[in-house]
Structure formats: C-alpha cells, structure tokens
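The structure appears below as structure tokens.
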Amino acid sequence: MDYYLQQLAIGLSLGMVYALMAIGFTLIFGVLNVVNFAHGEVYTIGAFAGLVVITAFAPPLFVVLLIVVAVGALAGVGLERIAFKPFRRFSDEASLKSRAMREATLMSSLAVSIIVREAIEIGFGSQFQTVPLDRLLNKPISLGPVTIVSGDVIIFVVAALMLGGLQYVLKRTNVGLSIRAVSSNPLGAKYVGINTDRTIIWTFAVGSMMGAAAGILVGLYYGAIFPSMGFIPGIKAFVAMVMGGLSSIPGAVICALILGFSESIATIFVPSVWADMVAYGFLIVTLIFFPRGIFGGARDRV
Amino acid sequence: MSDRLRPLLVVAAALVLVLGVVPAVLGALDRSYLYQVANLALIFVLLAASMHLVTGVAGLLQLGHAAFYGIGAYTAALLATEAGLTFGWTLPLSGLSAAFVAVLVALPTMRLVSIYFAVATLGIGQMIYLVMLNWVPVTKGPNGILVTSGLELFGYDLSASAPAYFVVAIITLVSLWVIHRLSHSYYGNALRALREDDQCADAMGLDTVRLKIESFAVSGFFAGIAGALWAHTAGYISPADFAFPQSILILAMVVVGGLGSLPGAVIGALILILLPEVLRPVGDFRNIIVGGVLFFSILLMPKGIIGEVSALDLVRRQLGGAWRGEGTKAGPEVGWR
C-alpha cells in the first residue's frame, strides 16, 4: 500500500512537470494555431541554464529559478523571431487558416529544435552532466507512512504557484486579456486594435518560462541533464494537450496529471523502460476515439 | 520531339552514371568505405522516394518513416539469422512485413488530417522504436543484431563490394521506376487531389481513405525494402539507426528536394547524405547542417529545389484571383509527362 502511495506522489510531481510543459504548448497553439516542436528544447535550455548558474555562482534555488525563467522567456522570444515570425508574412484570414503555413512552421520549429539540440551537444557533450550532489532535490521527507523526497514537494509548490500566476496573468492583466482575445479570434483581435505581434511574443515568453522552469526542476530532481532530455517530455506534454482538447488550459493540466499518474502506476506492473508506451498509447487512443480531446469544445476537423 | 527526348536523355544519363561512372570510379579507388557511402546514399534515395509518395504526392506529413525502415531491417536480419533465409527471401518478406504494419498503422490514423496525422505517426514511430529497443529476447535490444549472411541471390554470393553495389543500385532503380510510374499516372493525380484538398477530392468521388491507406502501404513496402538492403549491406543493425532523427533526416531530404517531385527527393537524399561526407572535417556539425539545410530551405525555397507545391503557393491559391496577376502561375501542372 505504502509503495502505491509513494508511486502516486511521484506521479503527481511527474504530472505537474508535464502540466507546466503542456501549458506552453496550449498557449502557443491557442494563439497561433500551430504546434511548437521546439518546446522541448526550451525545457533543455532551462535545465542547462540552471546548471550553468549553479556551477558558476551557487545561488539559492529560488534565485536559480528566477534566472532560469528569465532565460526561458528570452529563448521563447528568440524562437518565435527565428522559427515563426518569418512565416507570418501574410496576416490575412486565408493564410492564418492555411494548412500549408501550419506545416511550414511545424517543420521550421523542428529544424530549429535540431539545431539547438546539436549546438548544446557540441557545447556540453552528449553525456549526462554532473549536477552538484548537494543541489539534488532528493532529501527524504517522511509523511506518515509514505516517504517522499523534497523534490516532489518543491515541484508541486513551484508548479502550483506558476499555474496560479498564469491564471492571474490571463484573467487580470492586459497582456492576458490580449492573449485570450488573439486565441479566440486573431483577426477580430487585430481589428479592435490589439497588437497581435506583441501578443504572440508575450505568449511565447510566458509559455517558455513554464517550460524552462520544468526543465531545471526535473534536472535537479533526477540529476539527469543532457542535450536530448527535452524530446520525451515534449511529446508527453503534447499528448496532454491533445487529450485536453488543444486550447483548454484546465483540460491540459488535468490530462497531464492523469498521464503522470498512469505512468508512475504503470511502472509498478511493467519495467520502467516500457512506461513511455503509456503516453503514446494515450495519444493514439485519444486521436482515434476522442479527436476533440476529452475536455475540448468544438474544433475544426482533425 | 524534344519534349519526348529530354526525359529519355535524363534517364539514360542517370543509368550511365549509377551503373557505369560511379562503379568505375569506386572500382578505381577501391576502398570499401566508399562503397559503404555509395550504398548508404542509394538506400536513402529509396527511403526519400518512398516518403515522397506519402508526404510529397499524397500530402500526408509523416514523422515516423524510419520505423518502417526499421521493421524491414529487423525482419530481414531476424529471418537471415534465426531462420537462415537468404537475401532472395528476406528482401520481399521484409518489404511485405513493413507494408503490413503500415496498413495496420494507417487504418486508424487515416481519418486524421495535417498535424494530427503527423503527431500520430510520430507516436507510432516512437512505439515501434521502443519495441525494437526494449524487446530484448527478440531484437537483442540496444546491442543490435549482427547479420552474417551477406547478399546471396539465386545461389550466387554477391557480398563483395562491387556486386553488392550493383544489387543495391538495381533494386533502387527498379523501385524508383515503380514509384515514378505510380506518381505520374491517374493514380498519382488522385493522390495529388488528396494533397490539394481532400474534402474536395472526396466530393469528386475519390475514395480518400482507401487511397491514403494504399499509398501508405506502398511507401511502407519500399521503406522495408530499403531496410533489408541496409541490414544485408551494413551487416549490423541497432535501434539507433531507426530512431526519430532518421525520420527527420528523411523528411528533410524530401522537403529540401521539393515536395511532390521524385527527382527532388533523389537530389535531396544525395545532398544530405553526401554533404556531411564531403564536410568530414566538421564531423560534429553534421546534424546541425541537416537542421540548417531544412530550416533555410523552408524559409528561402518553400518549393525546394525542384518541387511542385509550395507553402506560399497553396496560400495564394486560397486567396483567389487577387494574387493571380503577379506573373507566377497559380497552379502546378501535373499529369502525363
């Protein structure tokens, strides 16, 4: 029983990490209607930025997180300028809805993600980076019958704070208002005088902040920071987004938690190398049986 | 006259190059490494051509093509090592098994469009990769499989460098011819109709789902053939040869060469395989070059080198007449050529 509870705790922190990643996907998909394939690289950049900061200055975790979030925002903005902006030469309705434009940005973000990953690999080497042992988030904490590690608590608290902050930004600020306006109707938002270009930059900044924070938290939790670390969580977060119905943030968060729980429960029954199958299975099942997502509203054909 | 003559000349030149000049040069230099590179280039030409049928002609963005390549290679390797079959049997069987898996994959996913299809194929490609990596009792896991039986065809041993090159070259050329005939026929035009607007094609009476499944199966078949060629010529396969980066490499070949153009896919494959070999001094940057070539070709040449469909053209066509008068022709010309 205790073992199951422990797996649930691990599943919760895993799910929170996927939720942070999935929000970035969801925000960007909502605003631009495209999938950002380089989101996993933002996660990697966050982890490596945190590692560099830790080895250079050894500041407290809170400062590391702040720096990582700032770096993530910068990476998101740069990504948008390089991989997405050049393909928004036409801002009329036809090209906003064009499938070809979507696929062009899909491939350009894929290309940028390859370049970023390989550049990190050349800079740092492809093997696991050594994280200073005292910075690992693995101090055991006894909680009744269950023993969890400090990382579980920290990930949960940071993720919950960021989700709350996101809700505040989206519902109470002008930036959030414009993000919601653009994602509900880009052309209409433009007609009422919203600067869509700036809104898109903000969206990338906010989404990438969350992705980068997830990267450093996971890096310190498992002590595994390596150039291709962002690929698998990126796919999982994408699965969560598709399951949640593409543009629904609560849906994405709930599905990310479901994904995290089911993966940690699956490791009880099968070797952990097969746990990734759970996410891919969820993806295929969702696409076939719930193409609108479990929490999704109306949508174009899928 | 010249319209009829030119394709013949191009084909004749390609045949002379592949079956005459390249083997002559390779024979003169006589280094087994160069034969390996030539075989690899031909295998990727075949892979790019098979992806061209699905992604270029039928317009289905495929992100898991390497999985079918892997299924072909593993089928060939397992049949050769466990069942002791020769190349004459493993080649068609690996093609058929890859085609079979492609049909299984296609049946549920074919009703999805654009990125949903792309991501579904990505997910399935990853699943197949995980099976190759973790089903250790059968696939030997990360250690890979050593294929000891070489190319033996009709009782002749063709494993030496030069005969092996000819086997790979002839199989690739025949496959290219089949894919060319498929994509330049009424059948190919039906696939192009899917690419341009599948709802419209459906309304015109084309059985879109069936066409997609068929093109997917044919593409999987040729990817499987390529896998068998790789297993038998390289002599060693491991899951890393069939992972996601390989799918992207094949996609990059098709995109760089130009979506919808078979010569484009061939040229794209040659560029992306031979460029890193030429740039050997900067070996580490190999994958960066792949990414950079992919990015800049989408940015600067949305049509690829000799493509027939571009992202921007599709947009312009949707905008209707306003863009027509600008000198560029609105639509690509396809048909019997």
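Numbers here mean position along the shown chain, with the first residue as 1.
Backbone N, Cα and C atoms are what each Cβ position is placed from, and that goes for glycine too.
As recorded in TrEMBL:
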{"type": "TRANSMEM", "residues": "A:12-35", "note": "transmembrane segment"}
{"type": "TRANSMEM", "residues": "A:42-58", "note": "transmembrane segment"}
{"type": "TRANSMEM", "residues": "A:105-128", "note": "transmembrane segment"}
{"type": "TRANSMEM", "residues": "A:148-170", "note": "transmembrane segment"}
{"type": "TRANSMEM", "residues": "A:200-225", "note": "transmembrane segment"}
{"type": "TRANSMEM", "residues": "A:237-261", "note": "transmembrane segment"}
{"type": "TRANSMEM", "residues": "A:273-295", "note": "transmembrane segment"}
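For the transmembrane segment (A:12-35), the neighbouring stretch richest in Cβ pairs under 8 Å, chosen from A:105-128, A:200-225, A:237-261, is A:237-261. Same-chain residues lying 6 or more positions outside the transmembrane segment (A:237-261) and placing a CB less than 8 Å from one of its CB atoms are 8, 11-19, 21-27, 29-30, 35, 39, 163, 166, 170, 183, 278-280, 282-283, 286-287, 290, 292-297, 299. Taking pairs at least six residues apart, the transmembrane segment (A:105-128) and the transmembrane segment (A:148-170) share fewer than three Cβ pairs below 8 Å and do not count as touching.
Nonlocal intrachain contacts for the transmembrane segment (A:148-170), taken as residues 6+ away from its ends with a CB within less than 8 angstroms of a stretch CB, comprise 6, 9-10, 12-13, 16-17, 19-20, 23, 61, 65, 136-141, 176, 179-180, 206, 209-210, 213-214, 217-218, 220-221, 249, 253.
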